[in-house]
Amino acid sequence: MSDTRNVFVLILSVMIVQIAGGLLSMLTPLGLEAMGTGPQTIGVIAGFNAAGYMIGAWSAPRMLGQVGNIRLFAAASAMNAVAVLSLSLWHDAGFWAIARLVQGVAFAYMFTSIESWMGEAVPDKSRGNVMGIYHTGAKLSLMIGPFFVAGMSPLDSRAYVWAALFLTLALVPVCLTRQKEPLPPDRKSMPVAELFRIAPAAVIGVFLAGVINTGTLALLPIYFEGFKLAGGGTAAAAIAGAAAWLGGLVLQWPAGVLSDRIERRLVIAGMCTMSGIAALMIAIFGVALGEIGVIAVLTIWGAGALSFYGLCVAHAIDRTPRGRVPQVMSGLLFVWAAGSIVGPLMSGTAMRMADRIGLFGLAGVLLLVLAGLMVLRVRQRAAPTEAQQEEWSPITPTSLASVELDPRNPELES
């Protein structure tokens, strides 16, 4: 645990940032809806945020080389806080799209700064444990964030002050740390065509993870704000978001361990089937299930849908020559980001055409299609041998620098 204490300030900063991220993931769609914006436009604006994140992830290594970790983190934190506060000043959908684009870039810079730093600070033998603590803490913060503004109007300026407060507070541990800044990461991602040749199931899986999860989560608060739970509005939306993330948090470890013992693609197929059925139950039987029933089924949806990205990455690593693991992981991150741009557009369109049924109906169909594709790939191509298979490790799509932290990176053994 001493290794964890050495990077505790960095993990603490990420947790504070993720509180703001979780808070904004609820406030933004509800605020736009309160302004009279339709679901399709809300999806477009969510796509702007994902595009900003993709731009930030691509440009962050170069920016780190120019200004260093602390300065980039501080500048991105300030840029992010200003963009958040501006949302409370100008209630215009076009302006919010630009602000969310800026926030996407800023969040990518902040995560890259922290993760590249952690990759340098954590000893090789402790990376698996530290990475597990890091991702668990980040998901818990995403769950907690929305509750800070539960009960407030989505356009209440105090809610945006809360988000800016946490983004600014995250500066304190980073700026006061005595950790030595690392060299900037130098990661080149593998072309998609080559990725697809090595592990087509992984490429399809991470792309659809971006489409399904980002699209559904972007519009999830709108579905649940009409519930009466805890007074409805932002409080009900916060409960729903927490339920989804709780499911993903609980299942990620058992699913990962199981995938080390049996064919990973079958585990992914099982998770997608479970989540797909749960999504269709919400879409078709939502009224009959009642509010508590829908929240319970949403937890099941999150258990599978918010966990299978890491299994797709693990499957790709099993198929990858040892020296090319970092390039594969970086390439998959950009595939996921592309899906995250497309997903909100599709979910917003589905919600406009079929109201609230469309959101989970689309997610359910895509999840079941992905499950079928995984089973098909198992029939077409044998599983890797036990010698080829790497042990599963938790991972979420954050930045290129997360490759430095992953214990499966062969460069850590040198």
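Including glycine, each Cβ sits where the backbone N, Cα and C put it.
Quick caveat, the model's predicted, so the values are computed rather than measured.
Copied from TrEMBL, the annotated features are:
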COMPBIAS  387-401  compositional bias 'Polar residues'
COMPBIAS  405-414  compositional bias 'Basic and acidic residues'
REGION    387-414  region 'Disordered'
TRANSMEM  7-28  transmembrane segment
TRANSMEM  40-60  transmembrane segment
TRANSMEM  72-89  transmembrane segment
TRANSMEM  95-112  transmembrane segment
TRANSMEM  133-153  transmembrane segment
TRANSMEM  159-177  transmembrane segment
TRANSMEM  198-224  transmembrane segment
TRANSMEM  230-254  transmembrane segment
TRANSMEM  266-288  transmembrane segment
TRANSMEM  294-317  transmembrane segment
TRANSMEM  329-351  transmembrane segment
TRANSMEM  357-376  transmembrane segment
When you look at the transmembrane segment (357-376) alongside the transmembrane segment (72-89), do they share 3+ Cβ pairs under 8 Å, ignoring any pair fewer than 6 residues apart in sequence? no
Per the Cβ under 8 Å criterion, with at least 6 residues separating them from its ends, the transmembrane segment (7-28) contacts 45-46, 49, 73, 77, 80, 84, 87, 96, 100, 103, 107, 110-111, 114, 117-118, 121-122, 130, 133-134, 137-146, 148-149, 154, 159-160, 162-164, 166-167, 169-171, 173-174, 176-177, 179, 217-218, 221, 234, 237-238, 241
Near the transmembrane segment (198-224), which same-chain residues lie under 8 Å Cβ to Cβ, leaving out any that are not at least 6 residues past its ends? 25-26, 29-30, 33, 39, 42-43, 46, 50, 192, 234, 236-237, 239-241, 244, 265, 268, 279, 305-306, 308-309, 311-313, 315-316, 318-320, 328, 332, 335-348, 351, 356, 359-360, 362-363, 366-367, 369-370, 373-374, 377, 397
Select the range from 95-112, 159-177, 230-254, 329-351, 357-376 that forms the most Cβ-Cβ pairs under 8 Å with the transmembrane segment (133-153). 230-254
Go through 40-60, 230-254, 266-288, 357-376 and flag the stretch with the largest number of C-beta pairs under 8 Å relative to the transmembrane segment (329-351). 40-60
Sequence-distant residues near the transmembrane segment (159-177) by C-beta distance (under 8 Å, 6 or more away from its ends) are 9-10, 12-14, 16-17, 19-20, 23-24, 27, 69-70, 73-74, 77-78, 80-81, 84-85, 87-88, 110, 113-114, 145, 148-149, 152-153, 234
Grab the same-chain neighbours of the transmembrane segment (266-288) for me: Cβ-Cβ under 8 Å, and only residues 6 or more beyond its ends, written as numbers and ranges. 201, 205, 216, 251, 255, 258-259, 294, 297-298, 300-305, 307-308, 311-312, 315, 356-361, 363-368, 370-372, 374-375, 378
Near the transmembrane segment (357-376), which residues from the same chain, at least 6 beyond its ends, have a CB less than 8 A from one of its CBs? 201, 204-205, 208, 211-212, 215-216, 219-220, 223, 265-266, 268-270, 272-273, 275-280, 282-284, 286, 301, 304-305, 346-347, 350-351
